[in-house]
Every structure is written in C-alpha cells, then in structure tokens.
Amino acid sequence: MSDQKTQHLPTAIFVMGPTASGKTALSVALRQHLPVELISVDSALIYRGMDIGTAKPTTEEQALAPHRLINILDPSQPYSAADFCHDALKEMAEITASGRIPLLVGGTMLYFKALLEGLSPLPSANPVIRAQIEQQAAEQGWDALHQQLQKIDPAAALRIHPNDPQRLSRALEVFLISGKTLTELTTLSGESLPYRVHQFAIAPAKRELLHQRIEARFHQMLESGFEEEVKALYARHDLHVDLPSIRCVGYRQMWSYLSGEIDYDEMIYRGICATRQLAKRQITWLRGWKSVHWLDSSQPEQALSTVMQVVSA
C-alpha cells in the first residue's frame, strides 16, 4: 500500500531478524519508550515446556515487556500460518482498541509474510497424502523428493532446501491435492494487512559476529539445562520427531542424541550448524523484503534511536 493510502490506518511495528540477533532486547527497550504491546512471531515460542532451547524471553524480560502468543500450545498440537494470522489479528485489534501500538517481534518470516500479504488459498493438510510422502521419503530419501519437486515446481525447489522436510513435504502435498503448484497458488494471495506498518530488520553487520553469538548461545542453553528440558519431552509417549515442535532447531538434534543416533559432541556440532543455517535462511528472506529498515544489533542505542525516529516521523 502507498503512504497516502495507509495514512489513516492504525500503526503497527515489525521487528524481524535472524535468531540470536537481539530482537527481544530491542523490543523490550522500545517498550520503555513507546506505547507498544508485544506480540511474538515465532513458531517455537508458542509451545509450553520449550523454554531453554527456544531462548524464550526471560521472566525479567516478560515482566518489563509481556509477550502475547507465547506458551499458548502443548508441543503435541499443530499450529499453522493461518492459525497465527487469526490469533495475531485478534491481538492487534485489542491492542489498537486500547490506544496502544502492536509491536510484532520474531524470526518466523512465513508468519510475517502471511500477515502482510494475506494467506494464499492453499488446500488443507491431507493426512493420507502426507503419510504417502513420508513413506516415499523413508524409502528413497528426501533428496529424491526434492528432485521430484524440481520437475513439478522449479521455483519452489529453488526456495526449499532438500534438508527442510516440512516445507518440501507441504509443496508436494499441495500439488498432489490441488493439481496446482505451490508457486501458482501463492501468487493468489489474500487481503493485505489493514495497518500502517513500520518494518525493521535487526542483525549484526558482520556474519561472523552472528555465528559467534549462535555458538555461545547454544553452549549457554546446554549449561542452563537444555538436555533436561528435552528429556522431559522425550519421556512423553505422544511426542515424536515428526512433530513441528520437535523439529525445531536444537530440539531435533538433542532428540537424536537422546535416542542414541548421535553422540554428545555431534549433537552440539549439528545443533550449532542447524541454527546457523536457520539464520542464513532468515537473512535471505529479509534481503528480499520490501520497505524494511536495517538495524545493526552491535549498536543497540543507534538501533533504538532509528526506530524511534522512523515511528515518530
């Protein structure tokens, strides 16, 4: 939407960025300076009992700046981009009605995109077809399915990594159900967000610094009891590695360690690598984002000042 068209709309703020980039710290600081209420945009923070491995805001941070849409589901429950849009729009309306500004913070870019552009008319999940895809993957490997996707939907195959079974499975499922590719259907997006949105992306200017932060944070999680947290989940009979909650970065690798598939050092190595890959994907998404103000997380005071100036303009 053009500035002229959005002038009469209520304001919203997006704080986006890769994992370990300082999004929470910036949002908590903004809460001290602006009349904002925070909404989490994170597909892992929605789950209860998954606090350490998701780097959930601390008790102190939550006291300073309560986050909505955190701890709303059990790890056994599914949650889609459509579910998020429904919940986020409701929270945003409540915040706006109270005379405050919704500040949406997180790293799940698909949720931000769905909220901004509206959801595409994608078919609902089909358990039978999904099971067939999982069976084929078990027999042939996900690389073979990725090659299949390249023939069906080359554009989606470029976006989706062979090591991302959740998105790969969904792309194939959509085609098998509808006869149309994911790329075709995602061009038919819904209504745009009825807010004047100020979008910010925060990340260190140097990639090496982000890598160092990710490694340090993973070790800090282990020292804080991450293994014990996942052991409690592993002991439950209703949770398994194919659930979105257990597929979360860090949890999947710890699960493999607890099941005896890999040793402790390999778990650490894979956990850090997977987190770096996630950060790379998040940055790639953001580089293609329109109308975003980039902030350097290694200069938090300057980042805060930039947001204040843009929002107040």
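Note: Cβ is positioned from N, Cα and C throughout, glycine not excepted.
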Using Swiss-Prot as the reference, determine which range in 16-23, 120-127, 224-231, 280-287 is annotated region 'Interaction with substrate tRNA'. 280-287
Under Swiss-Prot, the annotation region 'Interaction with substrate tRNA' belongs to which of these stretches: 51-55, 76-80, 166-170? 166-170
To which of the residue ranges 42-45, 90-93, 218-221 does Swiss-Prot assign the term region 'Interaction with substrate tRNA'? 42-45
Write down the single range among 61-66, 175-180, 247-252 that appears in Swiss-Prot as region 'Interaction with substrate tRNA'. 247-252
Same-chain residues at least 6 beyond the ends of the region 'Interaction with substrate tRNA' (166-170) whose Cβ lies under 8 Å from its Cβ atoms: 125, 130, 133-134, 137, 142, 145-146, 149, 160, 182, 244, 247
Quick check for the class: what is the C-alpha distance, in angstrom and rounded, between T19 (ATP binding site) and R130 (site 'Interaction with substrate tRNA')? 29
Local backbone state of A20 (ATP binding site), from DSSP in three classes: coil
Starting from the Cβ centroid of T19, A20, S21, G22, K23, T24, the recorded substrate site, name every other residue in that chain with its Cβ within 8 Å, sequence order please. G17, P18, A25, A55, G107, I202, S297
